[in-house]
């Protein structure tokens, strides 16, 4: 709600500069000083779309759960090497990368703090959708998202204490533990139902999974559109934050993949860890920012979570496109190899037939 008030104050200040008369709908008017009423349309739109997105997200996570085998999921929990690597990426690489980028671009202290908050957030649920499309390890993906969200309750305060103390007091940042808990419930409950459906009715689970993957694509597009509509008045921020918002997710994907590969994980697990590292819970970051800072401070950095969200989705789609092209090329190459092998066998049998007076054995027919 602070964002809407800030936007209205900005419009009012513009009127002060360009007009000597208050508009008819001003609620408070003192000479040329006007206060405009809040835009109820944005409030209603925000409530409606948030409800729709929450329901759609629950449906998508339910469908993703239909691709998770309980035995494999528990195996990841019992032998958590992949989860441990993901933990190092999530709460080791990402906060450190945010810290380095903030120093390298010499941003304002308040802007450095929002970059670090983004780096300390747990993985987002969009990573599970993309991981499915790139043939990642869904059992690992779901378990990593669940564990990172759960561990965020302790790791976020620790990381923020370590990295933000040179810019601000860590206790001035309000962590919404209720939002983290809600995110955890919104992830665990639908995924658990999906796992149960996959266990009881595997054929139906496959159909649900196909529908859910399409709904996931719709969800990603809706999030981008909704963000553009609701926050269209907050795009004027420092060019440095634009650059950081571009580099940060790309660095997360790259470093996550490299560390997973160094740790000896399989290729599909490397892709999974990379996506879980680069894709952050941007909604949680926005909530923390709104709870922790004044409207004047928000003006300098509120849009950064939105920028990160857009670029993390853009890079994820590039990764998806690259993987699909690679997979198609590999499939074609394998087909060509099989065809060449069959042609070689055929030529060999014909040559053998010529030597043996035209006789071809039944094995080569």
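Placement of Cβ uses the backbone N, Cα and C atoms for every residue, glycine included.
Curation plays no part in TrEMBL annotations; they are all automatic predictions.
What TrEMBL says about this one:
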type     : residues : note
TRANSMEM : 48-70    : transmembrane segment
TRANSMEM : 82-105   : transmembrane segment
TRANSMEM : 112-134  : transmembrane segment
TRANSMEM : 140-163  : transmembrane segment
TRANSMEM : 175-196  : transmembrane segment
TRANSMEM : 208-230  : transmembrane segment
TRANSMEM : 242-267  : transmembrane segment
TRANSMEM : 306-326  : transmembrane segment
REGION   : 337-365  : region 'Disordered'
COMPBIAS : 337-346  : compositional bias 'Basic and acidic residues'
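Within the same chain, residues 54, 57-59, 61-70, 73, 122, 125, 142, 145-146, 149-150, 152-153, 156-157, 160, 205, 208, 281, 283-284, 287-288, 291 sit at least 6 positions outside the transmembrane segment (175-196) and bring their C-beta atoms closer than 8 Å to a C-beta of that stretch. The stretch from 112-134, 140-163, 242-267, 306-326 that makes the most Cβ contacts under 8 Å with the transmembrane segment (82-105) is 242-267. Under 8 Å from some Cβ of the transmembrane segment (306-326) lie the Cβ atoms of residues 118, 124, 126-127, 130, 133-135, 220, 223-224, 227, 231, 234, 237, 241-242, 245-246, 248-250, 252-253, 271, 274-275, 278-280, 282, 285-286, all in the same chain and six or more residues away from its ends.
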